[in-house]
C-alpha cells in the first residue's frame, strides 16, 4: 500500500473509536453479568470481534445493532462448553483474559490464534493459573498457543506477586479469583491499567486495595449495566503526535479516555514542551477533549513507572522523539519484545530506514533528533501499531515513496484510521 506523504498541515476534529482494552472487558463482563448489558461506542476492531465471537461460542447471545451492542449475560455458571476450538485471532488480550474466565469452568477448551499470536509466550498466565488447581498447557516450555485448559469448579484462592507489570496477567488472575473459594491476593509490581478493577465495581462487585495488594473475594455476581465506552487513548495517540509534528497543524480529539493508568503519553508530551490542552473533562467517565498544535519539541527520558502507562504508545512516541531536539532515551520497556513483534527492533528498523537515527537497546531505544524522513518500504509484521506509526511518519517524508506491507493489520484496532486521516487533510 502506497501512503500519502509530505502534507502541508492537518486540521480538524476526530472522535476516535472506543477504547480497545475497555471494549474487550465490556464483552467479558457483559457475558458474566446477569441480565442484558447495553454498550455504546464499543470498538469493532478485529481483536474485539474475536472476543465477541468467543463468547458467542461459549453460549452467550450478543447482538450488534450498530450504535449499541447488547450482551445477554449468563453469569459464570451459564457458560457452555464450546463445540469447536476457540479462535483468538491476533488478540493477546483475548487469550490471556479468557484463560482466567475458563479457569473455573467444568469443561475443557482449546484456544488458538494466528501465526503471530502462536509465537507469543503465555507462561506468565499459565504458571499462576495452574497454582489454582486447573490444568492449562501450551506448546514448548513457554506455553505458546494453542492453549488447552481444563477448568476446575473448585478453584483454590491464590496469593501471587506479579513478576512484571502486566494488566493482562493481573486481569486473568482476577477473573479466576472471582470463581475461587475464598479470598485471593494479587500483589502488583508497578501501576498498570486498571480497567478490570474499575469494571468490577461498575458491575456491582467489590475489591479491596491495600497499597500494591488487590484482594478479591470469590463467588461474586455481577449485575447488567448500560455503559458508554470512552475513546481509546492508544488510537488518539497517533493524532496527538501527528498534530505536534506536522507543520501548521491543529487537531481536536473528542471523548478520549483519560484513565490515569493510561495517560503516560500526555505526560511525555508535556515533558517535551508540546502545545496541548484538555477540556470538557468528565471525571466520572474519565474522558476529555484533547487539542494539540504543532510544537517545538525537546528530548526527554521515558522510564520506570511511566512505562506501563504508555507501553502501547511507545512506537508512535518513538516517532515523536525523532522530531524532538536532543537525545530521547526509552528504557525499562522490555515488554515490547513480546508484543505482536519484537517491537523495539521493528520500530527502530522501520524509522531508521526512513532516515531516523535510533539505537535499539535490550530494554528500549536511544533516539537522536530532529531528523528529516524520506520514503522506504515498511512491513508491519502484522502489528497495527507499526502500520499507523508508519502512516503518520509518511506525512513527513519529503523524498521517495512510502510503501506499507500488510497494512490490513491496522484493522485490528482502528478500521476507520485512513478515513479519519483523509478528513484531516481536507
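Using N, Cα and C of the backbone, Cβ positions are placed for all residues, glycine too.
Matching 44, 120, 142, 193 to the phosphoenolpyruvate binding residues that Swiss-Prot gives (20, 92, 168, 385) identifies 120. In this structure the residues listed as binding phosphoenolpyruvate are 20, 92, 120, 168, 385; their two most distant Cα atoms lie 19 Å apart.
The shortest Cα-Cα distance from residue 92 (phosphoenolpyruvate binding site) to any of the binding-site residues (21, 25, 166, 168, 312) is found for 168. Here the binding-site residues are 21, 166, 168, and the one ringed by the most other CB atoms within 10 angstroms is 21. For residue 385 (phosphoenolpyruvate binding site), the nearest of the binding-site residues 20, 21, 312 in terms of C-alpha separation is 312.
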